[in-house]
Every structure is written in C-alpha cells, then in structure tokens.
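Visitor: Structure incoming, see below.
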Amino acid sequence: MRRLFVASVVALGLAGVLAHPGHDNQVRRRKTLGFGPVHPHAVYRSEPTYIQSALMGTNADPFEVAQRFVEDITRTSSPASSFVIRKDSYTDKNTGVTHVYVRQYMHGIEVADGDINVNVKDGVVLSYGDSFYRGTEQDPFISGLTRGLPDPHSDYCGSLFKELESRSERLEELLVSQRKFAAENDNDQIPLSNPEAVVTQTMGDLPHIFEWNCAHVSTPFFMAHNPSFASQQDSMGDPSRALLQFMIAATPNSELAQSMMENPEAHLEKMKFSWETHFVGGHGSISAVVDNVPDAINPVKAKAAFVQIPNGDSTSLELVWKFEVEMQDNWYEAAVSAALPHRVISVVDWASDSPMPIAPIPPVPKYNTGVYSVFGWGVNDPSVGNRSEHKENFDVLASPVGWHSLPYANDPQSLRAKVKSGPRGEVFRNTTTTWGNNVFAHENWDGRNDWEYNYRPDAGADMAFNFTYEPKETDRTDALTEAKKYINATVTQLFYTSNLVHDLYYRYGFDEVSGNFQQHNFGRGGEENDAVIANAQDGSGYNNANFMTPPDGQNGRCRMYLWNTAIPYRDGDLEAGIVIHELSHGLSTRLTGGPANSGCLGWGESGGMGEGWGDFLATTIRSNKNYSDYAMGAWAANRPNGIRNYVYSLNETINPSTYKTLDKPGYWGVHAIGEVWAELLWVVSQRLIAKHGFVDTLFPPAPLADGTVPEGDFYRPAEYTATGERKPLVPKHGNSLIVQLVLNGMKLQPCRPSFFDARDAIISADQVLTGGENYCDLWLAFAERGLGPDARVDGRTPWGGGVRTNDFSVPAKCKADAPTV
Ligand SMILES: *[C@@H]1O[C@H](CO)[C@@H](O)[C@H](O)[C@H]1NC(C)=O
Ligand SMILES: *[C@@H]1O[C@H](CO)[C@@H](O)[C@H](O)[C@H]1NC(C)=O
Ligand SMILES: *[C@@H]1O[C@H](CO)[C@@H](O)[C@H](O)[C@H]1NC(C)=O
Ligand SMILES: *[C@@H]1O[C@H](CO)[C@@H](O)[C@H](O)[C@H]1NC(C)=O
Ligand SMILES: *[C@@H]1O[C@H](CO)[C@@H](O)[C@H](O)[C@H]1NC(C)=O
Ligand SMILES: *[C@@H]1O[C@H](CO)[C@@H](O)[C@H](O)[C@H]1NC(C)=O
C-alpha cells in the first residue's frame, strides 16, 4: 500500500519536472548516477607527524620520506599488500610542499579506492589521508558479496527508500490538508498553493536520485529473464557482462535499456573487446578496451581492480571490473563486481552539472593580440555592466604564447591534416579564431560530441573580436533563432572568460604538474593535450551547464546552454559566475587526490564541496571592496535570488546555513550540500578580509625579466630562510589569501574528503603558508556556522546523510578571540 503511494509520488515528482523536457522554462535534468560505499576506516590527519622520516633531515628527498612513511604506517598490512607512488605526484613550486599520491595493490592488483596522499615538506610529513585496505582476507578473490556481506548498493537504496517513504507520508498529509482547507473555504479569494510546488518542495531531487541510482542498477528482471546469464560466475575472463549491466543502469534511453534487458546476448555479441597489458611500477594489470558498447560514444576502458566494501568497522575487498565509459552526457568511472556482474558497487560521474534550480522557473513575459568586445572580468552578467573592449591581457607565466597559439604537434586540426609545422618551419600555429592552447571555444547547436570543426568566429588579421550583441525581443518561437545570431559574440565571451580563469588559477598554483588544462605544457611537467573544450549555446539542453573532468591528459569539456527564462533568451556564456563554476569543477577534481584521479569528488559531502568551491570562487571573483550579498545564476535564471536556497550572506537571517543544515530534507543533492560549503567559505573569507583588507584585482603581478615574481602590493614582502631561499609568497589581502588557501587546501586534502577534512586542509594550508597566523580566525569563522572542532556526524551514509551536531566552540588557544556570549 505504502509502496504504491511512493511509486505514484515518484511518478508525480518526475512529471512535475520532466513532463515536457525541452519545453519553455523546464530545467533540463541530465540523468546522472553517483554512489559508492563509505570507508569507515578512512582518516585524514593534519597534525605534523614526526615519525622516523623527520630524522632524515630537511634535505631528504620528499619521495623517499613518503616512501618510508607509507612503509611505516602500512607495516602491519597483509603481506599481499604493496603500493606504488603514482607518477602524477608533484612538488608545489610556491609552497615547496610535495604532494605524493600512493595507490595500493593487493596480490599485484590495484585497489581502486586504496589511496594514501602524503604531504611532505623539509623532510616532515605535514599531513596525510589514508584509505588503504587494512584487512587480512585469506582469499580476496572470493567475492564478499557471495559470502553474504551486506551489499553496499542495496544498503544505499534501502536507506534512500526509507527517506522517500517518510517524505511521501509528509507530502500526503500536506496535500490532504490542502484539499480539506480548499473544501472548507469555498472562496475564490483564498489563493491555494500550487500542488506541484508542494511536491517539489517536499520531495526535492530525491525521486530523481532514487530513480537514477536504484532502478535497474541491480536488475532482478534481467536475471529472471536470463537465469543462465546470472549464474555465470567468473567473468574475470570477460568484462562484457558486467559492462552490459552497467549500461542498463546508465543509459538515459529507456527503450535501449529494455532491449538490453530482454536480449542481452544480442548486445553482448556485438561488443568486441581486446586485451591490453600495462606495467605500472612493476605491477602488471589486466585491462581491455571494449568496442560497440551500446550508448557509449567511445570504446570503453576496462580494468580488473579491487574495491573496498564495508565490513563492520573495516572493509573487505571485492574484485571488480572498473570501467571508464564516455557517453553523450556523462563520463563514468564505475566498479562492477566481477563475480556477480549484476552488482554495481560504485559510480562516479566525471561530468558535473551547473547550479541546478530547485524548482521550475515561472514563465516571465606576436602576432596580433586579440581585442574583444566583452563583459569585462568582474562584470558577472549583463545586469551589472555593459560590454567594452578588452585586450588579450594574458598572463605571461600562465600563457607564455598567449591565448591564440599552440604547437602544431599539439593541435588537433593540424594533426588531423598531417601538418607538422608552419610554412617556414614554425613550431607554433597562430590562429585568428577562438582556438588556442588553453581553450577551444565554439558553437555546438546540434548538441553532439563533435567539436574540432564546429563554427568559431574568425577575427581576421587584426584580431578584433568585435561582434554585435543586441538581442531583440521576439515571439517565443523565434527566440532561439534570435539568440543564435549572436554566436560570434557569445563564443568570444566564453573564450575570454575561460582563458582568464585558466590564467588566474594558474597563478594560484593550478599549473601543469598539478593537472591543469593545456594542449602544450612548455616542458613544465604534467600531462598534455587536455585544453578545455568549451561549447557555447550547446543544443543538448536549456537552463543548465556542465563540465566533464577526465584525468590529466584528456580534454575537459564544458557545455554552456541558453536559458529560456526570458525573452530574449539569456545566454549562459555571458554569465561569468556560471562559466567559473563549471571551470572550477576541473580545478577541484584535478587538485583533490591528484591529477590522475578524477574519482575523488563523486558523491555525498565530497561531491557537494565540488559544487561549493565553484560557487565560492565565482562569488569571490565578482565581489568588490564594498561588501554585498550575492546570488548564483540570478541573471540567467531570471530570479533575483538565483538558483540556490539562499543568497551568500554574512547575515544569519538571510542565509542561516550551518553544518547541521545538511541533515534537512532538501539537502540531498550535491548542489544543496555545496551551497552550505560555499556559505561557510564565504564567512571565512569575510573574516580574512576584515583582518587583511581587500585587493582590487586577484591577478598577481607579472614576473620580472629574470622570471622572479615581484611582491608589488600584492604579496607581503619576501622572506628568506636561513639558507637564503625565498619562503612561499603570501598574498597580502584577505580575498587573495583565501583563494590561495582554498587551492592549497585542495592539494592537501585526501581523496573523498568530508567537510572536516576540507576544513582541516585549509587550516593546514595556512600553517604551511603563514606559519598558522590565521589559525584562530579560520576556526572562529568555521565555528560560526557550526563546523567547530567538536562538530560530529553519526551514522554517515554514502549519499551525505547522517545526524550532524554543530559545534560553535573553538580550540582552547582561540578562546580569548571568541565572541563572549
Ligand atoms: C606565430 O607568431 C609568432 C610571434 O609573432 C611568430 O614568430 C611565428 O612565426 C608565427 N607562426 C606562424 C606559423 O606564422
Ligand atoms: C549599459 O549602457 C546603457 C546605455 O549606455 C545604460 O543605459 C545602462 O545603464 C548600462 N547598463 C549597465 C548595467 O551599466
Ligand atoms: C560572425 O562573424 C563572421 C566574421 O568572422 C561573419 O562573417 C558572420 O556573418 C558573423 N555571424 C553572425 C551570425 O553575425
Ligand atoms: C568595434 O566596433 C565598434 C562599433 O562598430 C567600433 O566603434 C570600434 O572601433 C571597433 N573596435 C575595433 C577594435 O575594431
Ligand atoms: C564602493 O562604494 C563607494 C561609496 O559608495 C563608491 O564610491 C565606490 O565606487 C564603490 N566601489 C566599487 C568598486 O563599487
Ligand atoms: C539581517 O537581515 C535581516 C533581514 O533582512 C535584517 O532585519 C537585519 O537587520 C540584518 N542584520 C544585520 C546585522 O544586518
């Protein structure tokens, strides 16, 4: 009975939002999966650890220190356990901290979620995160699931279902009382609330989350129709069954899912796989590439690995196939049990959506350097300023050859045309379009995956990207045609904003070795050929945006959409906050857990912070000396308060978010969780601004001819160590300092961080950068919104649930600074 009601609410909830996809004012909801087990034993320790490694002295090789440290803390592990220091580990040029990423192997097979990150400076381990498997299973090749361990996915869906049930009850009560009220007050004057809005507010995104993550992920239907299929245990020899199961769960095309369920053998037959052999640090690995996978747009990479599933207070190993599946709207990293190929254990979508509106929006009646007509840096959107001319003021450290140049050897068009150099043997190709080393920007009206030859404005020899933007009011039917007339201007804007974001983040340490997005890395390390592919006016949807972040060395992809929230249509490319939010997914994903690990911000609190950093950075970039509250996406969404529950504000009446807010109904999706994190960071940043002041431009000064960076008024006067080395440069002002601490914190925090871990990493970043002079300011600010040292979460669930306790107190040594109550 209850189940029936829940089912009808799910249908209603979906109908409320999805009935007419693509219709005016309907938010496009991209199907996306994201879940995985909690690791009860994972830790992040940010107090300096003076173990024997310290005895090695300040000149010790940081990799050797990390090696010894990891040997030390894994001494008691099973003899089958070994580890490899990943080659995407690096030393931060400014702070001198070496970020070492370590991956665990058992019996020579990768433990995909066995991560240690060690932060080393001057021979000392400053902090580390650790989620290595610590058990001693006799035979990890025997599936824990077949031995009766709780299936993490069933647990996840069970707890989601309970929540769905309790909300449905609440919804039922609300709707009944509304009907009763209407009957008793048979009076046209009394405005009745809109039942659809009641459904949306009560149920939030939960019906979608449940539908996507729990339907067809383990398919009893599939098994019932194909008993032979289900009983075929093994599949170490063949990843295709596990992959087919995943595609049934992942495809947004329900007819295709149905066809795969009804006739799996036909689909399996078409899939062709070829084995590959790799050697990583002496560890062999079993991997394959699978072609003709239904709904995948590229061959799928498959690799045998272990993942950990909870087993009481510790974990147990499960042998899985780990897939990398690129689809039209998703790019998944998924782990599916090898023994039970109908069990999907974890999924991370490397694609992230933009700020998603909570409810449907109501309808409302060297070459030459470039010069661009654009909304300048800091003009968040057309409601706050006009366009003006701006030069290609690229940062010479971040973009040594400007924004319109790249080597022929890294140029996808030249590679395709087999052109290896310029007419006089030049190495660099200069373009007069929105095509360069950091960003490829273009229209993508048909919403597909092709991009290399999509239309781009060509400014010609004088490089004046001077295109009109004067959208006119039209009928709704002509609004799209009208918007497309300004494609030259909007691609130009997207290119301009994205390049500045590249340059800005570069100067705060998102450089080649830490995994930034560039075709060519100028010999400065890191993986190449991964500029951002930026689609303007992407035709695959309206009223949203998204970003896909594969590991370093593969292009990131940003999709910007038109918003049909007003006439003329509003173009997301022109709202810098949305573009910055999207590009920041690339930043946080590459910096957390290392450049080559894109699976660290997949769901729950980690996934939420992935959204929150983008909001925070976008808001900080647009802010100026005169304090103001800010909304996200207000112009594009045509709503003064934007697309979040609250605007970002210091005033607790205006934005009451605290750590405990995460327990509330409605705080299920990553965007709501992210909003709380961004608000916390906003409070922290204002405290640092009150202490250190505000600098008008976040861009540090250009380097001198000898390559050194002058302090200017931007950094504090340089300090030197006893041996004459310059200490890390410290941004002098509050707003630049917090951006630096946030980026440095991302580098220090572990894979799959919690709010506590990310907070501790920021405090630790301040310790490294300033010797901890903002220790109490940081604690006071976090504590103001409940994230003090004794904040707690009990019964943490993989989707970010649990019962939280706020702590408004601060560590003892900060008590003198605390406000007296
Ligand atoms: C690109 O511009 C640079 C700087 O002006 C110039 O030296 C180089 O010859 C140009 N390359 C080509 C292929 O024209
Ligand atoms: C843009 O320019 C117009 C005309 O000069 C002016 O009326 C308007 O106020 C400006 N808009 C903004 C947001 O500054
Ligand atoms: C875009 O600019 C090109 C010149 O680069 C011009 O030929 C074309 O007409 C413009 N397109 C539109 C839609 O204005
Ligand atoms: C851009 O166009 C405007 C209006 O047509 C013109 O006044 C301005 O000089 C142009 N700028 C450049 C750099 O060509
Ligand atoms: C800040 O406010 C002052 C006083 O109202 C004003 O003169 C100044 O232009 C404002 N600054 C900015 C950047 O908005
Ligand atoms: C906070 O906002 C509320 C509601 O807008 C307002 O009444 C109150 O005065 C504000 N408090 C402060 C300290 O500005």
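Glycine residues also receive a Cβ, built from the backbone N, Cα and C atoms like all the rest.
Straight out of TrEMBL:
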type	residues	note
SIGNAL	1-19	signal peptide
DOMAIN	84-132	domain 'FTP'
BINDING	ASP353, HIS581, HIS585, GLU611	Zn(2+) binding site
ACT_SITE	GLU582	active site
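Just tell me what is around each of these and how deep it sits.
Guide: For GLU611 (Zn(2+) binding site), the Cβ neighbour count at a 10 Å cut-off comes to 30, with all displayed protein chains included.
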Visitor: Pick from HIS581, HIS585: which of these binding-site residues has the biggest number of other Cβ atoms within 10 Å of its Cβ?
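Guide: Output for this query is HIS581.
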Visitor: Would you mind splitting the domain 'FTP' (84-132) into helix, strand and coil residue counts from DSSP?
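Guide: Result for the domain 'FTP' (84-132), in helix, strand, coil order: 0 helix, 33 strand, 16 coil.
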Visitor: Per DSSP, GLU582 (active site) is which: helix, strand or coil?
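Guide: Its secondary structure by DSSP: helix.
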Visitor: Distance check, please: Cα of GLU582 (active site) against Cα of GLU611 (Zn(2+) binding site), rounded to an integer number of angstrom.
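Guide: On Cα coordinates alone, these residues lie 9 Å apart.
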Visitor: Around GLU582 (active site), how many other CB atoms lie within 10 A of its CB?
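Guide: Excluding its own Cβ, the number within 10 Å is 29.
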